[in-house]
Amino acid sequence: MSRKQRPLAQIISYSSFTMPRNLSVITFFIALTVQSCLSVTLYEYYVPDGVPSTGLVAEGETFTLNGKNLTIFSGSFHYFRVHPDYWRETFKKMRAAGLNTVQTYVPWNLHEPRQGEYDFGELGEDMSPFLDLRSFVQMAQEEDLFVLFRPGPYICSEWEFGGMPSWLQRDPTMHVRTYYDNYRSAVAAYFGALLPQVADLEFTEGGPIIAVQIENEYGNFGYDDEPRDHLYMNFLKNLTLSSGLDNSLLYTSDSPASKLDWGTLPGVLQTANFQRDAESNLSMLKLLQPNRPMMVTEFWSGWFDHWLADVHTDWDVDEFATTLDYILSHGSSVNFYMFIGGTNFGFMAGANAVPTWPTYAPIVTSYDYGAPLSEAGDYTEKYSRLVELIALYNPLNGIVDNPVGPAQRQKAAYGDFPVTEILDIYSLISQAPVKFVNDEPLNMEALDMNNGNGQSYGYLLYSTNVKLQVPQSELLIRGHVRDMAQVFVDLVVQTKPYQHLNDVNDFGFWNGRDKNISLPGTGNPADRLDILVENLGRVNYGAAHNFYQKKGLWEGDVLVDRERVLGWTMTPLEFKKSFVNGLTGWEPFTTSANGPAMYRTTVTLSSPPLDTFLDMRQWNKGVVFVNGFNVGRYWSVGPQRTLYVPAPLLVQGDNQITIFEQYTAASAVSFIDVPILS
Ligand SMILES: *[C@@H]1O[C@H](CO)[C@@H](O)[C@H](O)[C@H]1NC(C)=O
Ligand SMILES: *[C@@H]1O[C@H](CO)[C@@H](O)[C@H](O)[C@H]1NC(C)=O
Ligand SMILES: *[C@@H]1O[C@H](CO)[C@@H](O)[C@H](O)[C@H]1NC(C)=O
Ligand SMILES: *[C@@H]1O[C@H](CO)[C@@H](O)[C@H](O)[C@H]1NC(C)=O
């Protein structure tokens, strides 16, 4: 959608001189011109003279933008979850649905991977290509959309640590999401780098940003009888204003029916998050804030999945449409959370702290969310239903353009490719870039790596030599393992894969406390003992005490036959692209290792690549790298069984598919053309 219409004369002369003299082509161009005379773009409607004088105002029943009524029809689309080659096409699909706005969160952990090192696309990290926030915001405007900006710094979003960088936890007295000094100074430095990226893209300066959110569901942060830290909220508000985002509407988002106005600030617009029961949630919002327009900042169009859950969660499309009808017919503005969910690539999936057993629930790789556009950007039934409802309730229907959306992208079933090479765990460990030696086991965050920022993601191997008795000794780990551990004696795996839900209480899983396991001894004076611990995702949602979550072994001693074991070597496995692509020592594959190993195959494509799905149903648990890029975790426990591979990660020609499998590998890698999410 171009904001400037080409003059009629130019189009006609272009078509008659450079096109073949074909009547239907000329008719087509004339038809296009006639249509664009009847309706205008959003920006032409809201900024007829090109210079906005006032931005978004929330007084009375209806929002106004530059003095004209605006009902916000918005969709959440996170640039860090959709391949950048698909951003523009996604915006077009949103605009074609009748939306006028896009809403995004901003992930601090990706934008500041190491303290003081900022990444807005230029840092050369594996995720850097996804991080050009400024281009994303500008592209939204090019596609005729406004922007609701949610900088966090806490974003929840089923994202690792709710978007916060793990290095914050190197401060032993850190209190995230509070007025605590060291947290506050870290936020101030980050916002100081982030907000100027987009400060000149506010609506009143000719850009698309109409509103900025302060914190996120802050009413949920704490127990019901505790007051919220309003000093911190005010600090964020002041910081936003002083960093140049000083001319946008400010808002907060919470669940008014249960959290009332605990997460709000005076003068800042309160908005609602909910899925069902629109009536009670909206009426509570109206009661709390009678003289301002209603906005549902998160209308949950679907839901996310946890590993180990029986089925893929979705939401019935009729209930979705009925609730949307209620929201729109009561004059409320709406944002679909999500409009397109996308993917938690790499190790970016978070986890939820749940009040009931098993207390910690890690999130799957797909963030399909049951959204109107699927993980791969496909139109769904929810999309068609919301298009009808928006057309029905949009006061500007027929006045503002309604462009046609792009066609569905084709998917490919590339079939089976036999695994050709294996790299054993010895070779893998020996090629790790760093190792640390310490008497006691250290948590990931404490390791002196990544310029003093610790290890954020992946696995950490704890190794030592101990005397194990014949026939067996007892290994005891005090506290919990964070989050899952596999044990090896002389690199032979001793722990079993997860099989039943109750296993999470046992040795090697997050819910087990002070658990032990029997290990076979050889009678040698020193057997090699290794414990491989995986960070399955830091908690993104829960009460304040859930936000202290160091990973690895650190809660208590490790004992063999009741004696404390000291003298550990720690080998981080972050599986960055350069590491995966640089691995050497591959051997021809004959059979699966019993325990962790790397596997590889080459997929040769003779035509331009298409989107596809890796079918991991024959595999057990691990991570897949496509040409070195981490496309995420897979796990036989489900519900998700395939991994989405967007075409831009593949090339025409040879592609390396590398898999870190922790238990037993299949003999082939398979690509199918549909996702299996349950
Ligand atoms: C703008 O909204 C207000 C409040 O809902 C309404 O009274 C008014 O008629 C609307 N104006 C236009 C031009 O639609
Ligand atoms: C925010 O700014 C206001 C106005 O300048 C000031 O009164 C207040 O103390 C500031 N609050 C914080 C927490 O910085
Ligand atoms: C409000 O929304 C939440 C979330 O969808 C829902 O659980 C609840 O039943 C709704 N109503 C009230 C009164 O909380
Ligand atoms: C080891 O585990 C067994 C059962 O799982 C338990 O009976 C025993 O007390 C444990 N040993 C220690 C030292 O905790």
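Quick reminder: no glycine exception, Cβ is built from N, Cα and C everywhere.
What TrEMBL lists as domain 'Glycoside hydrolase 35 catalytic' is 63-391. Under the heading active site, proton donor, TrEMBL lists GLU217. Per TrEMBL, active site, nucleophile is recorded for GLU298. If you look up TrEMBL, you'll see 441-574 marked as domain 'Beta-galactosidase 1-like first all-beta'. Positions annotated as domain 'Beta-galactosidase galactose-binding' by TrEMBL: 596-655.
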**Fill in**
Reduced to three DSSP states, the domain 'Beta-galactosidase galactose-binding' (596-655) has 3 helix, 34 strand, 23 coil
**Prompt:** Taking every residue in the domain 'Beta-galactosidase galactose-binding' (596-655), what is their average pLDDT?
**Reply:** 98
**Fill in**
Taking DSSP H, G, I as helix and E, B as strand, the domain 'Beta-galactosidase 1-like first all-beta' (441-574) contains 12 helix, 54 strand, 68 coil
